[in-house]
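Worksheet: one structure, shown below.
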Amino acid sequence: MGSCLAELGHHLAAAKRWSFSSKSSDPNSQSKSTDELLSHRDDPNQVCQMKDSPFYVFRASGQGLVEVVTRLVTEDESRLNGKDPKGLTCLHHAATRARINVIDLLLSRGADINAVDNEGNTPLHLASEKSKQEVVKHLLVNEADGNIRNNKQWAAIHVATLHNNAEIIKELAQFPKLVDVNLGGLNGNTALHLAATYNFPEACKALLESGCKIDQTCSNGFYAIHLAAKNASSRALEQLLEEGDILGYNHDQLLACCDREGNTPLHAAVNSGDLASVKICLKYEARIDVKQNDKATAFHLAASQGTFSIVKAMFEQHKAKNPEDYLQILHSRDALEMTPLHRAAMFDHPSVVRYLVEEGSDVNAQDCEQRSPLLLAAVRCGVSSIRVLLSSSVNVCVKDSEHRNLLHFMVMYSGSVLTDTELDTICAKGLHEKSVNLLNQKDVNGCTPLHVASKQGNLRFTELLISLGAIINVKNNEEQTPLHYAARYGRFNTVRRLLASDMGPNMINETDGGGLTALHIASMNGYAKVVQLLLHKGALLHKDFMGRTPLHLAASGGHTQTVGLLLAFHGNLLNQRDKENNSALHYAALANKPSTCELLLSFNCAYDDNDNDRSPLDIAIENGFADVAEGILQHDRWREVLDRQSSLYKCPLIGLIQTLPQVYKMVLDRCRQVAATDPGKSYGFMFYAVNLTAYSLFIGALTTVAAGLEPSVNGTRNLLSGDQNKSRADDDTEKIVLNLEPYKTRSAFTTIMMAYIIIFVVINIFKEILQIYEQRLTYVFDPVNYTEWTLYLTSVAFVFPLFFSDLSSVHWQCATVAVFLAWFNLLLYFQQLSAIGIYVVMFMRILSTVIRVLAVFSVLVIAFGLTFHILLFYDESAGFYNPFISTIHTVLAMLSGWEFREIYVIPFHKGVLPYTFLNFFFLILFVILMPILFVNLLIGLAVGDIEMILKDAKLKRLAMQVEYHTDLEERLPSWLLSRVDKLSITIYPNRPYAPGLIGKMLGAMKSMRTMLNSSAHMSDASDTIESRQAAANDELFEEIGKTKKRLRDVQTQLDKQYDLLRLMVQKMEIVSEADQFDEGEEREPLMTLMGSPTNGFFESANSLWHQDSMPSRRRHSHPRLPPKFW
């Protein structure tokens, strides 16, 4: 009962997601049964029967219930080709369980015999997989397509082969029109390929008997016999050979079949490493001397793999078959001219090597690079093979195409694993048998094994070669000794060992083909420890053939530690010159090494030109080395550098402007100095004080004259005495008439002030006319000029009628404008004062910003002014009866608010407020846009600009002072300038300016000015920021210097501990790989050494392990150009 309920639940769950997929059926009818089933799921009176499940038809098909299937298919024709969730139809279920009667029923009703499931399998695929022979035959009788391939590209014949079902294969083969036994599947593999791959001999036999082609290849070019040999399918391989003989293919033809790379089945069998497959091929007389495309025989492959049993089986079979010329297989060559012994030795198979040697293989055969098996074993570090070969009659003196002998290769690859006795035996054998001293033999570059050991840093081999009698001062083709190589690659211990030998003191100053000693080379590559060792051992400071000292080369490489070390030992190197009169500073500048240039300048090196009239700064400018130029000009000797005339640019600053403008800016910053003189002593301040005094007298006179007048109003507005009910149109034409009666008599002081005003205005008008002539169009764009012209004209219009006692209301209005502009212009005079000038500059900048913003947003002011005039025109007391007055009222309301109660609340309660909705709507909109948004915008702009203005205000004020002084110098006569212009002044701080009360007053004024200058903190804000940044940078550089010092101390301690540990290990006679190799540059990769044994000696060394080059603190701002000396 429980199992039935569980099955019922399974069908109910499946019914929710099931749908028929027949092409000819109606979707509505397909889901009809499902809908009916689900419609009763909440009805307790209805029970879902298993027979009502939409999947019951598949269950009935699998169980062979013909009547049930007939009824269900009759009820719904779409069930005939319907599919379950796996894509299986009723025919699939019937075929899987061999229900022939159901199959006949379904086929008679028109079921699709070639329907595929979700994996692409037809009923024939499933019948073949389940080994249902009767079903297979029945489907094929009903013309099922046997060539349909599933998602894995397998047809029914492939499926039957994968299950090694020979009966199904034979049954399928009986219908050749429907089943192609040679059909290719995945990668073009036929069923025979699959049987050979998976070692199914029965399937192979059945397929071949059914007409499957044995000579058909797959897409990869393999025959079935190749796949059998390749996959170690020995039984299938033997079956193919036997059946092939029956089909007319003799053994030689099958075993001679080659794939795309020329591999025979024997090659494939050897590659598989299966001895049984190899023996089967040999049993059927497969030839082991057949070559593939790279001319390698199967015997070469067996020797490369090192499987001794295979090698022995192949050779014995070949020897038995060819007793007379069997040795030819041992001497056969591949594309690289290698014999099987080469292959075995190269991959270090000592058992195979010993067997081949015992069978008569040539131990001295050479490949295309003239390498014998012994040399190849040394190249691949085949120590075991080397020992086997050395026990034979091998020639230890053989050399390859680059004349490298066994010791050369052992140093590079195998010297660290052979014992000292074995190496001694090798050397003695070469000397005894061939009278050849392997220790001193040179390769094509003239390098001995000791050269290679010095280059590689192989300490153990170096000591062994020296102890065996190798000559340590022998030179290669470039006249370089092993000491040069050790210095070139930073081999400190190797250098120490070479110098400790008998010939060491005699070779320390040996030069190479370019005149370079070991000290030159170590200095050029920045190995400070090696340089220090050589100097302590007595290395002399020779010059090379170009006149360069070790200091020149160290400076060229940017090795500051090496430079300091050389100068500490030999200070006379500082100003040494080469043949072109170049100093070390020239070389550092040419190599773009700013740190080295600064170091050399700090050592007080001479700064002059070379023979090509180029100074170090000229070289840096010419090649665009901004870092070098900046480093030189940041040094304390920068004035000396700039004072020297350049033959290339006449003046170095011209070259900086043309090529390195950013460095020129840095020079200008260094040229800036804070004036130490008292501003009161300069003539500019005196003229400014005179000008300010004259203008102050003008303001005082103008203000006194304007304030001294007391006009009386004789006329009144007609509206006060006339009809109160006049229309507003008539009121607009009425004016207030003022009859101004000046004083009947004027005092002399007033007359003098009036005359001073006229004289001051006339003089300044002439000044303005002169400025118009000089400045031309620039004068028009300065708004200050318009204020000055307005001031002068209104002042004349006000004061001149007073001389004739004729002053009208227009003249009185001119007085108003003149007084305002006079005091406003006084504010502009304060811009040049150091204490308060910055505030004036900030005020003018903010005023300019506000004016621009108001010019934009005045549109909103006019819009609201006109809106309120239209809505509130009825009330004259509210101030909206006129468009202009309404706009003014709107501006005032925006700043200080208006009387909301009188304008809105009271009229609203009285019911006289027109357009109530629009009035309150525009009032709210006005409050949001103007007082809140617009005013806060102005405040934000003002506050936001203060930070930027604060940075620029001081510079602008200084620029105004410079412009003022420059303009003043152009106008003053030369005799006056010669009197007031002084190079220096002497200040006596304790001496009074003048005796008595006047001196005390001047002293008090000076103290007040000093206090004002000290309180002007905002004017010095930028200087404070710069000083803080400079202090922070100095502190950072100081910490970096301390960190470097600590790292050097740690490195020193580690070196001491390392030396002590090595000494302990040596005393305990412990051999470690670390003791066998020296410090310095890392050894070159294996393939690099094989392809190029000796690279150029003066190659670039950018990744040296122990170079002391100091990175520049500045980044390159220009691409490095090809350096050159002119």
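The backbone N, Cα and C atoms fix where each Cβ goes, and this holds for glycine too.
The model shown is predicted, which means the values in this text are computed figures rather than measured ones.
Per TrEMBL, the features are:
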| type | residues | note |
| --- | --- | --- |
| COMPBIAS | 19-32 | compositional bias 'Low complexity' |
| COMPBIAS | 33-44 | compositional bias 'Basic and acidic residues' |
| DOMAIN | 737-949 | domain 'Ion transport' |
| REPEAT | 86-118 | repeat 'ANK' |
| REPEAT | 119-151 | repeat 'ANK' |
| REPEAT | 187-219 | repeat 'ANK' |
| REPEAT | 261-293 | repeat 'ANK' |
| REPEAT | 336-368 | repeat 'ANK' |
| REPEAT | 445-477 | repeat 'ANK' |
| REPEAT | 478-510 | repeat 'ANK' |
| REPEAT | 514-539 | repeat 'ANK' |
| REPEAT | 546-579 | repeat 'ANK' |
| TRANSMEM | 685-709 | transmembrane segment |
| TRANSMEM | 748-766 | transmembrane segment |
| TRANSMEM | 786-804 | transmembrane segment |
| TRANSMEM | 810-830 | transmembrane segment |
| TRANSMEM | 850-874 | transmembrane segment |
| TRANSMEM | 880-900 | transmembrane segment |
| TRANSMEM | 912-939 | transmembrane segment |
Legend entry - Per Cβ pairs under 8 Å, the stretch of 685-709, 786-804, 810-830, 850-874, 912-939 packing most closely against the transmembrane segment (748-766): 685-709
Legend entry - Overall pLDDT of the repeat 'ANK' (546-579), taken as the mean: 93
Legend entry - Winner by Cβ pairs under 8 Å against the transmembrane segment (786-804), considering only 685-709, 810-830, 850-874, 912-939: 810-830
Inset, instruction - Quickly jot the same-chain residues contacting the transmembrane segment (912-939) by Cβ under 8 Å, restricted to those at least six beyond its ends, or write none. - result: 850, 853, 857, 860-861, 864, 867-868, 871-872, 874, 890, 893-895, 897, 904
Legend entry - Summary of DSSP states over the repeat 'ANK' (336-368), given as helix, strand and coil counts: 16 helix, 0 strand, 17 coil
Legend entry - Surrounding residues of the repeat 'ANK' (261-293) on its own chain - C-beta under 8 Å, 6+ positions past either end: 223, 225-234, 237-238, 241, 251-252, 254-255, 299, 301-302, 305, 307, 309-310, 313-315, 317-318, 321, 328-329, 332, 334
